[in-house]
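Presented below is the structure to which this report refers.
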Ligand SMILES: NC(=O)C1=CN([C@@H]2O[C@H](COP(=O)(O)OP(=O)(O)OC[C@H]3O[C@@H](n4cnc5c(N)ncnc54)[C@H](O)[C@@H]3O)[C@@H](O)[C@H]2O)C=CC1
Ligand SMILES: N[C@@H](CC=O)C(=O)O
Ligand code: NA
């Protein structure tokens, strides 16, 4: 009888032990039997790279696994899990791991959006996996469905609520009538927003995720600098209340779409607040939840919904990737290749085409509406509907809410400048894009 030997354990190096890292460690240490059964070999947490050995930590994290020598840990690993965040030293450590033949799992969207191409090339060259399900919308399976399940289809458009903090803030503004600053303070108190909420509130986090989603969906490479970005700082409680009166909710959306033929078009990738019709599935995404709405030629509309942040939800996605790379390692399969065969030009922000809702305060006298409509016509911007509120409601001035058909961003901006210069126009109160209708 030939001797059978049990497979050697897969050694996992964990880089970073913060919110996500702690839960990844717990997941590996508390479920060894399940993980071994799913992978086909034991999964061993070889060590955890930290900045300080003395920091206070969750009791689930054994002190004897901690090290400050991340490089040595990487060198001895089969699988490297990077959850330290930031660009350096994460980039150097991942590059080293890939070059040394280790598979890598990361949650680091900022790094992938900025330096992804070189890391994917290094993974291809070494024939190993670089997986990142947790980097977009945390626990929600969205990277794998786009890369694998939809690989035989053509994705046309993605609309994503990919930042939980801003969705929470906008939701509280809608339900409680809070101003932005109050809602951000609440989000900070609940641990959703950081002390410096810039990455969330100004749309940087969502823009990194938009770049990753667009690259995957359109088999191309979209860098962070290609993503037009506008955060939610300009959204007021009044905008949110008016959105509701016109049958919408305001969401911070990551939008990625093909304009023109699917094999010879251009793509637009952007992050901005937008009015979403109240009956659109994305309008029902409340609190800090995330959702990604995908439109593909064959599949039609799809929606992926769940928790986009938090230690355990994010660790769930990381651990799924760990099992996936570990299985492939065991069977000797080559790593998954990133497809980048398309070279779609990315449209500049001013060329994006969307519908708009413009809210104006105007003098309440005959002929004003015709004057405003004339300016839109002169700029080739077609009006869908106009609503006028009674003067009483607005304290003497009339309130015009103009919804346009799809128009180029540049035409709309020029139109708004011209409208603002009209004598009877007291104020352009807001200009919001409309998506999902
Ligand atoms: N927290 C969340 O809900 C989500 C986080 N992510 C991503 O996961 C990654 C980790 O996020 P969190 O766990 O929330 O951050 P965190 O700040 O709680 O944890 C990061 C840990 O890495 C450590 N670290 C940083 N540089 C290090 C170095 N050079 N050597 C050793 N340790 C180092 C820090 O001391 C910290 O303990 C980030 O890339 C983040 O964008 C992704 C999805 C959701
Ligand atoms: N700060 C992000 C979480 C990480 O991706 C969010 O609020 O969604
Ligand atoms: Na995800």
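Glycine residues also receive a Cβ, built from the backbone N, Cα and C atoms like all the rest.
Pulled from TrEMBL, these are the features on record:
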type: BINDING; residues: 15, 16, 17, 18, 19, 20, 21, 22; note: NADP(+) binding site
type: BINDING; residues: 109; note: NADPH binding site
type: BINDING; residues: 194; note: L-homoserine binding site
type: ACT_SITE; residues: 209; note: active site, proton donor
type: DOMAIN; residues: 357-436; note: domain 'ACT'
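Secondary structure from DSSP puts residue 18 (NADP(+) binding site) in coil. Long-range Cβ contacts of residue 21 (NADP(+) binding site) within its own chain (separation 6+, distance under 8 Å): 14, 15, 48, 81, 83, 84. Proximity to ligand 1 (Cβ under 6 Å from any of its atoms) holds for these recorded positions out of 19, 20, 22, 194, 209: 19, 20. Summarising the environment of residue 22 (NADP(+) binding site), the number of other Cβ atoms within 10 Å of its Cβ, over all protein chains shown, is 21. The DSSP secondary structure for residue 194 (L-homoserine binding site) is coil. For the pair residue 16 (NADP(+) binding site) and the residue listed as 'L-homoserine binding site', the C-alpha distance works out to 18 angstrom.
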